[in-house]
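Feature annotations, reproduced from TrEMBL:
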type     : residues : note
TRANSMEM : 33-52    : transmembrane segment
TRANSMEM : 93-118   : transmembrane segment
TRANSMEM : 139-164  : transmembrane segment
TRANSMEM : 176-209  : transmembrane segment
TRANSMEM : 230-249  : transmembrane segment
TRANSMEM : 269-287  : transmembrane segment
Amino acid sequence: MENPVMVPEMKKKPYLGTFGIIKSAIKIPLSSYTFLFITFLVSLPLFCARLIPKLPDLSVLPSFLQMPFLTTQKLSLSAGSYDTEPPPVLDSIFLTLNTLLIDILRFVVAITTVHSASKLHHAATTSTRSLIGPISTTALVRPISTFFLASFFSSVSLEAAAYWGGQGPLVRSRTIFFHVVHGITFAAAMAVWSGFCAFWNMGVVLSVLEGKRGLGAFSASGDLMKGNRTRGTILMAIHTAWRVSLVLPGSFLGWDFFGGVGYKVAQEWLFSAETVMNWVVLVVYYYDCKNRQRERKKTIMVLEKDEGSGQV
């Protein structure tokens, strides 16, 4: 016979839905000016590194900075061209260093946001010292190796999905049916990518908060997300939709106010805000997965106890 005290506890759901996770994530920055200030400071270098190469006039920069940013700007503008000639060696070096710089700045934003958001998730008011204190004592080797692995896997798989969407065998078909099939398969590929993206990013969160590293972090991520993977896929799909919506006005609508500078500044600011909020959402999702995992273990223990008492 089921224990009447344990049944309500088993049926109780101490975890959140998709919109509950988003709502809880939004409350975190709104509850702490300290969090907003810290994330603004750590996001500022990333914001500048992404914005400056897109500006039309770089003469305001010091002379030693103009050449790297001009090279990056030239390579960015020619990225969509049909010129198949490889760039000069020096240009390739500048582009590689710029990409590495962006990734390092993204890592700084990620580790700071995850640490701060995890503390604020349980405490509404937290001092600046308690928010940034643990970061200085954390071993950065484990999180940074996991972060770069996640970035690599995400970039490669996204490139594969984007190639299928733009250069797939059904793109040039003149039959409507094959275009529909292509659209469905591309949407499915992006959904699969979103699911893997949630899996890899959760590995980064585990690496920061629990000290996991590399493939071990991803293995723990898969175990933690068990039974909750669909929600992670939806959250990453929303994250992707936000980023795409920031690109569409300039790419297709020709929206170009204030000579384009105003739009670029607003776009990069929203990209920076989205980057921070994505990690906040992942932190809330991490604790939601923890609650679900805890409930699963409790349920298994109760069932095993009932089976044992039934055999007696």
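Here the Cβ of each residue, glycine as well, is placed from N, Cα and C on the backbone.
Since the structure is predicted, the reported quantities are computational estimates derived from the model, not experimental observations.
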Report yes or no: does the transmembrane segment (269-287) come within contact of the transmembrane segment (33-52), defined as 3 or more CB pairs under 8 Å with a sequence separation of 6 or more?
yes
With Cβ-Cβ distances below 8 Å as the criterion, list the same-chain residues six or more beyond the ends of the transmembrane segment (230-249) that contact it, or say none.
17-18, 21-22, 190-191, 194-195, 197-199, 201-202, 255, 263, 267, 270-271, 274, 278, 281-282, 285, 288
